[in-house]
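See structure below.
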Amino acid sequence: MASVMEDPTLERHFKGHKDVVSCADFSPNNKQLATGSCDKNLMIWNLTPKARAFRFVGHTDIITGVHFSPNGSLVASSSRDQTVRLWTPSIKGESTVFKAHTASVRSVQFSSDGQRLVTASDDKSVKVWGVERKKFLYSLNRHTNWVRCARFSPDGRLVASCGDDRTVRLWDTSSRQCINIFTDYGGSATFVDFNSSGTCIASSGADNTLKIWDIRTNKLIQHYIVHSAGVNCFSFHPSGNYLISGSSDSTMKILDLLEGRLIYTLHGHKGPVLAVAFSRDGDLFASGGADSQVLMWKTNFDSLNYKVLLSRHRKRVTPDPPPHLMDIYPRSHHRHSAQNGTVEDVRSHDSATSRRDQPISSLGWTHTRPREEEDEDQHERLPGGMTTSREEHSGIPTSLNSTLENIVQQLDILTQTVAVLEERLTLTEDKLRTCLDNQVLLLQQTQQIDGSDQEAEGQSL
């Protein structure tokens, strides 16, 4: 199906930054693009033709992160000057300063309701802020080294964070506790984010890897090694079916997550790519890098409303709402065996050639559970304090029950994937049918023109 699509095309490039471009984000209405740079300036580029760009000055050190609020009325930026600023993206350029971190702030993001901000810092903490009252709310402190990135889940109930302690942590925002830890990195975990449905998180590493975890089953479901240097950033397509990554090998890679393969390698930057971001509708993506350039690309992906499709299909296969993670997660974390290999720092490579690897799917985790929970699962209480084994009560071994539940979960995921593939195939067939119809019309017009020319020649004779 990828062969039917045209390649992504470079639409525009923006020049205005005087140093490395470190972050980028599109406005919700796709009319503006915000970028931050090592030149300490925040730029708001208007995407309408011949419109002016705004340069906002206020930070006293490198800008590390930028994000539009859900309604587009505010822009948040983080910086190595230990502050977060809230800007009004207009010609006035007014800003409010948030300060509670004691070291460089690495990332910033709004929650989906626009009421909170989450930040990650070199002070080893993740902090959550209230936007309306403009004040610090609470800290999440379990990382043992610099925290490079923190992101809210789409429903705002979870936060994912990653850092130089080589872990990705999952936090519950209501209990403010770390509920899961993913470890399997040969170097720093550089970036983390949720997919659009909130069922998976992806993380990138200085060890050249991209990993996608299903947080419902705690399993590593896809593992890509497509870059030849550290992966600095990535962005999910709004459909959740594609992912673009930027690397210190000077390339960007686009992955088809449904088919589990690399589909495009893009060259446009001279030096490491430090920022990539899809627009909210998925029609565009932007990139920034060490060459101080901001590039805007047009995607070629199917114009299908995946959100409507997936929500409709989810209602069909799972009529009951899924349980909250705290209801199904064991308290202990799950460790995946580490792999031996050399560690390459993100900042140590300027350019290199890329390679393509096959994804590793459905790698298992070892689950540990407290003995008390096991005892409760194996026995059911009867009146008078007596207990009976669940196996005796149902006639089905407990291990078989858990296996069947896991199979049902995987079948639900496969059913959703098949539905999306069917829709994509239908869309491709429609495109081909339209193309054939256009060719027939063109042929008929050509024949009519030829007939007119022959009549004219006959009359002249």
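Glycine is treated like the rest: Cβ placed from N, Cα and C.
Since this is a predicted model, take the numbers as computed values, not measurements.
Proximity of distant same-chain residues to the repeat 'WD' (14-47), defined by a Cβ-Cβ separation under 8 Å and at least 6 residues beyond the stretch ends, is recorded for 53-68, 70-72, 75, 77, 79, 87, 89, 274-281, 283-284, 286-290, 292-296. Here TrEMBL flags 14-47 (among others) as repeat 'WD'.
This prediction places the mean pLDDT of the repeat 'WD' (56-87) at 96. Feature annotation from TrEMBL assigns repeat 'WD' to 56-87 (among others).
Marked as repeat 'WD' by TrEMBL: 98-139 (among others).
Look at TrEMBL and you will find 140-181 (among others) tagged as repeat 'WD'. If one looks beyond the repeat 'WD' (140-181) by at least 6 residues along the same chain, the residues whose Cβ comes under 8 Å of a Cβ in the stretch are 103, 106-107, 109-113, 116, 118-122, 124-128, 187-194, 196-198, 201, 203, 213, 215, 218, 324-326, 329, 331, 333-335.
What TrEMBL records for 182-223 (among others) is repeat 'WD'.
Taken from TrEMBL, the feature repeat 'WD' applies to 224-265 (among others).
Counting residue by residue with DSSP, the repeat 'WD' (266-298) contains 0 helix, 19 strand, 14 coil. If you look up TrEMBL, you'll see 266-298 (among others) marked as repeat 'WD'.
The feature region 'Disordered' is assigned by TrEMBL to 315-398.
The compositional bias 'Basic and acidic residues' annotation in TrEMBL covers 344-358.
Annotation comment: TrEMBL describes 404-431 as coiled coil.
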Open item on the list: Does the structure show the repeat 'WD' (98-139) and the repeat 'WD' (266-298) touching, where I'm treating 3 or more Cβ pairs under 8 angstroms (sequence separation 6 or more) as a contact?
Closed with: no
